[in-house]
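What follows is a short report on a single structure.
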Amino acid sequence: MAILIGERPAQALWRDYLELTKPKVVVLMLITSLVGMFLATRAGVPWTVLVFGNLGIALCAGGAAAVNHVVDRRIDAVMARTHKRPLADGRVSPTGALTFALVLALLGQALLLTFTNPLTAWLTLASLLGYAVIYTGFLKRATPQNIVIGGLAGAAPPLLGWTAATGHVSAEPLLLVLIIFAWTPPHFWALAIHRKEEYAKADIPMLPVTHGEHYTKVHILLYTFALLAVSLLPYVIHMSGLLYLICALGLGARFLQWAVVLYRGTRPHAAINTFKYSIWYLFLLFIALLVDHYLLLNL
């Protein structure tokens, strides 16, 4: 790799490469993948699929994130939120990051092919390319609907977990994908409002930059309503029970409250608080799905 390891402590270099994988994002993805796995079967997930399947998904996601760092390094350098990232700050070279990304992706694919099935490997590869190439390389700079169109790649983990456990696609995991797909726009647009000036400086056509904050707030509100409706569908189709319904209603009502506060502009930090809550929303919603699933099995 084009990195002079001797110039920096190995521990610092290790942390830089770990940062390239966006570990916090990958952890949230793995939670949804795990839920997809456990919801797919009543018999339990084989430990090899559970461990190596999720590791393969995580490695591929980390590889895609590293490519994102490479492509966005000039954008990251002019944004306060990202200017200290390893490539933007010059601590890791583009060649080193791309090599790292390729190694992660190949290892991830090898694990998926060995311990799960070809369908999961292909779907994971499609998700990787969708995020790293289509979204990062094109959509992000081409349209203010970048998040909406590109959100499908980031919504795939529960489907990947499901297919890893079963070897086939069915309606239930697609519904989980739909939940994340509906969650993505209000999640990212809230951050885009908070970082509007930085996105404008970086010449990224995020919705608040191209259409203004009011327009974006209206769409956040509309998507949050849609998300609340979609999140109830697992109960409607008898995929989940009463516990999940109560959690989905409570979490969704709170998300909707933040969207209304953001729309009205009555609190100075509503945008970033909406963004932060959206992360907890998705985490808790999928945990509720999982707990409810095992509660139903024991009734």
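Any Cβ shown, glycine's included, is placed from N, Cα and C.
What Swiss-Prot records for this protein:
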type	residues	note
TRANSMEM	25-45	transmembrane segment
TRANSMEM	47-67	transmembrane segment
TRANSMEM	95-115	transmembrane segment
TRANSMEM	119-139	transmembrane segment
TRANSMEM	147-167	transmembrane segment
TRANSMEM	173-193	transmembrane segment
TRANSMEM	226-246	transmembrane segment
TRANSMEM	279-299	transmembrane segment
What else in the chain is close to the transmembrane segment (173-193), if you only count residues 6 or more beyond its ends and a Cβ gap under 8 Å?
32, 35-36, 39-40, 147-148, 151-152, 154-159, 161-163, 199, 206-209, 213, 216-217, 219-220, 223-224, 226-227, 230-231, 233-234, 237, 239, 255, 259, 262, 271-272, 274-275, 278-279, 281-282, 285, 289
For the transmembrane segment (119-139) and the transmembrane segment (226-246), decide whether they are in contact, meaning at least 3 CB pairs lie under 8 A, counting pairs 6 or more apart in sequence.
no
State the residues, same chain only, that lie 6 or more residues beyond the ends of the transmembrane segment (226-246) and have a CB under 8 A from a CB inside it; answer 'none' if no residue qualifies.
39, 171-172, 175-176, 178-179, 182-183, 186, 252-253, 255-256, 285, 288-289, 291-293, 295-296
Please give the sequence-distant neighbours of the transmembrane segment (25-45): residues at least 6 beyond its ends with Cβ less than 8 Å from one of its Cβ atoms.
53-54, 57-58, 61-62, 65, 154, 157-162, 164-166, 172-173, 176, 180, 239, 279, 282-283, 286-287, 289-290, 293-294, 297
Looking only at residues six or more beyond either end of the transmembrane segment (95-115), which have a C-beta under 8 A from one in the stretch?
1-3, 17, 20-21, 48-49, 52-53, 55-64, 66-67, 69-70, 86-87, 121, 124-125, 128, 132, 164
